[in-house]
Amino acid sequence: MHVTLPDGKQLDLQAGATALDVARALGPRLAQDALAALVNGELMDLMTPLPEGAQVRLITKKNPGDAAPVFRHSLGHVLSQAVGEFYQRKGYPREAVKRGVGPAIENGFYQDFDLPEPLKEEDLPEIEAIMREIIGRGLDIVRQDVGKAAALKHFSYDPYKVELIQELPENEPVTFYAQGDYVDLCRGPHFPNTGKLPGAFKLMSTSGAYWRGNEKNPILQRVYGVAFATQKELDEYLERLEEARRRDHRKLGRELELFLIDPLVGKGLPMWLPNGTVLREELTRFLREQQFQRDYQGVVTPNIGNLDLFRTSGHYPYYSDSQFEPLSVDEEQYMLKPMNCPFHIRIYASKPRSYRDLPVRLAEFGTVYRYEMSGELNGLTRVRGFTQDDAHIFARPDQLKKEFLDVLDLTVLVLKTFGMNDVRFRVGVRDPASDKYVGDPAQWEVAERQIIEAVEEVGLPYTVEPGDAAFYGPKLDFVVKDVLGREWQLGTIQVDYNLPERFDLTYTGEDGQEHRPVMIHRAPFGSLERFVGILIEHYGGDFPFWLAPRQIMLIPIADRHNAYAQTLANEFKAAGLRAEVDDSNNRMNAKVRNAELHKIPVMLIVGDQEEARREVSVRERTPEGHKERKGVDFTALLAELQERYRTRA
């Protein structure tokens, strides 16, 4: 067999040769330094036989980061071995520790266990120390191919491995990887030796996880770790993680009294507290203003609908796994609304439409319900009941590009208004090899071309992702990077040829004939809950003045200044601003500290001098730090803050 190197050179090797054989053919030093290989663009370990004609690039200790998924996978095996040794040192037999799966994941690895007694967080440092012992032993990591019967016999004590092995094809070898006396069922890839694994790793946490993600299965204990090629990368990651903890929307949501999730109300069903309600209403007011300027029409639809509506749309039964069970009322079946679009379609269809009427733009802040497994729920970002800023545009095919551009412009405006300036687009188009798509291929080609043209006109970076389109039409996802460098998919625009067909939507064309409209789904926020959760973390709770639930805190120096402070607060309120007075018995410094803890952007201190001159002393929270101004005329400040609120500066 032969393989091709990055410089185009070809090597002739024996059949069944591995990447390690390639390294040996190029020299003993390279064989010593090699860690993994990129084979036909995919990561592979040094022990796996190469395919004929493969293109091979060796990864060495000079660039270990290129093999991060491989060393993270191997560290997962080291973790698994270390947990086994941890329990053996406690007197348990080797077979007492049973194992689920343990893949490499972004930034690290995890391993699932069925343990004789639960691991505690305080056990993790000891297990990490055992991992470092195993790395220090310099154990060769060896690939082994065995028959299915032998594999079942080896793991007869472990029901999880037995289940996985039984699902494998009968006549194919089962792959094990061994290091020392530890053996695991695994396809690889792995580093060649534990001694070559980086020491820049850390065990982070332990939690419960259902076997194979199914709530009907046993709960296993999952241990998470992170790993990087260098200590510098690990330290930087841990710093970012600490900053993320400080910004965690669940923590800040409690501290700033924004939302509440009460177990008696139900998991994944957030309630908005007064401060959070202000935040939510500012978001909806902003978007309603933008939609009004773009000729959207507001609608309101029920929270439940007849099951036949969702049968017609196809949401039931095709998406029934992510929906709540139907309920029976008066011999009819109803379902909690999983999506707003079928309701908007029925509004469109409620009267005849002419080509002159189109486009019809229907918008709603509509609450929908999706069944999420309890293990996937997370604060506001993964919930069971949420409100979408949903709109559906019914347009003629010749209007598609213009409407798409307008929605694109609106969504970019929304994101940039909230300081999310690092935006890229992901255009989802058909996979030419798939037959899952509905609609006329010629229409698809026009729609895909017009979406790409629209994106290019905006001038932001984009990628085209074949196969990422929905079955009913191409789509555009907005991917935003926040201040922590994390990427979020916020907002989607989807072109839909399917639902107009299913509901037999028409309009009368200029030729007097009935024609099928094209439909656009759009939601710039996606959902208010998720968007607010991301906003809280993006701003770290330090919202801009116009968005802050509590905008102004007046701080009297002494009790005799309370009346003056209240007079000013009333004038702020009359001007539409949110102001309050801290008339507690605390000292002034304590009042300032309390306002700081609640991240109130504007603090106004008033004493004898300020009252005599109708002035205030201003202390502001800004992204650059605190900004202080003494003796500011109140009337001028009121006008300044009104303008900031009006312009959302």
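Note that the numbers count up from 1, one per residue, in the order the chain is shown.
Heads up, the Cβ atoms here are built off N, Cα and C, so glycines get one too.
Since we're looking at a predicted model, the values are computed, not measured.
Database features (Swiss-Prot):
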DOMAIN    1-60  domain 'TGS'
REGION    248-544  region 'Catalytic'
BINDING   CYS341, HIS392, HIS521  Zn(2+) binding site
Counting across all protein chains shown, how many other Cβ atoms sit within 10 Å of the Cβ of HIS392 (Zn(2+) binding site)? 26
In all the protein chains shown, the tally of other Cβ atoms within 10 Å of the Cβ of CYS341 (Zn(2+) binding site) is 22
Could you tally the C-beta atoms, other than its own, that fall within 10 angstroms of the C-beta of HIS521 (Zn(2+) binding site)? 24
Over the region 'Catalytic' (248-544) the mean pLDDT stands at 91
Using DSSP and three states only, what is HIS521 (Zn(2+) binding site)? strand
Compute the centroid of the Cβ atoms of CYS341, HIS392, HIS521, then list the same-chain residues not in that set whose Cβ lies within 8 Å of it, in sequence order, for the Zn(2+) site. MET339, ASN340, HIS344, ILE345, ASP390, ALA391, GLN494, ASP496, LEU499, MET519, ILE520, ARG522
Helix, strand and coil residues within the domain 'TGS' (1-60) as assigned by DSSP: 14 helix, 23 strand, 23 coil
